[in-house]
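Shown next, in structure tokens, is the structure this report addresses.
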Amino acid sequence: MAAMVAGALRRGSGYACGGFRCSSRLLAQSLRRFASTLVVAEHEGGFVKPSSLSALAAAEAIAEENKISVLLGGSGPSLHKAADHAASSHPLVSEVLIADSEALAHPLAEPWAELLHSVQQKGGYSHVIASSTSFGKNMLPRAAALLDVSPVTDVTAIKEPRVFVRPIYAGNALCTVKYTGEDPCMMSIRSTSFSPTAEAMSETKVAPITQVDLSFLSEGTTGKSTWVNLTSQDTERPDLANARVVVTGGRGLKSAENFKLLEQLAEKLGAAVGATRAAVDAGYVPNDLQVGQTGKIVAPELYMAFAVSGAIQHLAGMRDSKVIVAVNKDADAPIFQVADYGLVADIFEVLDELLKKIPDKK
């Protein structure tokens, strides 16, 4: 397997220009000049998901003149509608590749990894990027194994085309790593760390859409796992990973019935509802609402935490929130160390007052 090494050089180990440092600088400039990136995108309802738009922003951070290809898979009209969206989603997108097949209609790792392997073999991209969603975490390592490279995961910043920053120790430290393996440099990015471009696209600047050759798909490719079903809740609340406001509850809410108080508050604020792992394990809410190291990573404009103690694993999933408000009856709860505003009080009294005084959302 290709190696991935720590990228921070020891003091005094470099040389004057004309030696190692100068060569590294020239190499970085060369990589920027010839960068070509494949973004594995997700779509829903005919639109590219916000997490994948963040992946496009990450591709731009690799090189301003980066040649970006977007790969979309699935079947039916929604795929082609999403392709149209992707074609005009970013100024650097040079082509959109679509793989129209029922085998790719669901996020199964086996056929998607084979697809990515085939596309990379033909395209020869220098970088492959996916978001650190459940889909990306499932598919990317398998595809990397097929290509015999090591993926760099959970990237939060891009310093050079092959030098990245990623969190370690549940987000308590940031590690700078340098990828030294063969192409492609494969990585997953935290979508909360890369803001999608707000640049207006010209109506005439729309990338071409190309159908991918799927002759490599076979029974063996799709037979290792089978899609059963998707269970989701019908709600008008925003998606947890992309919400501007998140209201989260911990085990201190004591029951699933009490969690409905948070849902009422979320309805008034137009917010998403989150939960700690302890609340999920206790059966108060389903696990798709879990925020933290083993759940979803969020960075909303406002994060409200009720009865959340602030375990290190939970903080790893929300510490990048713009404003953090914590309510807990324990004045020594670790959550207060990262909160911008803290209130030591009974959460049920606070929720009752908030529900009375905040008007219903129109």
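Placement of Cβ uses the backbone N, Cα and C atoms for every residue, glycine included.
Pulled from TrEMBL:
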| type | residues | note |
| --- | --- | --- |
| BINDING | R251, T276, R277, Q290, V291, G292, Q293, T294, N328, D346, I347 | FAD binding site |
| DOMAIN | 37-221 | domain 'Electron transfer flavoprotein alpha/beta-subunit N-terminal' |
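Feature annotations (TrEMBL) mapped to structure.
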| residue | record | CB count, 10 Å |
| --- | --- | --- |
| R251 | FAD binding site | 17 |
| R277 | FAD binding site | 20 |
| V291 | FAD binding site | 31 |
| Q293 | FAD binding site | 17 |
| N328 | FAD binding site | 26 |
| I347 | FAD binding site | 23 |
Whole-number mean of pLDDT values that fall within the domain 'Electron transfer flavoprotein alpha/beta-subunit N-terminal' (37-221): 90
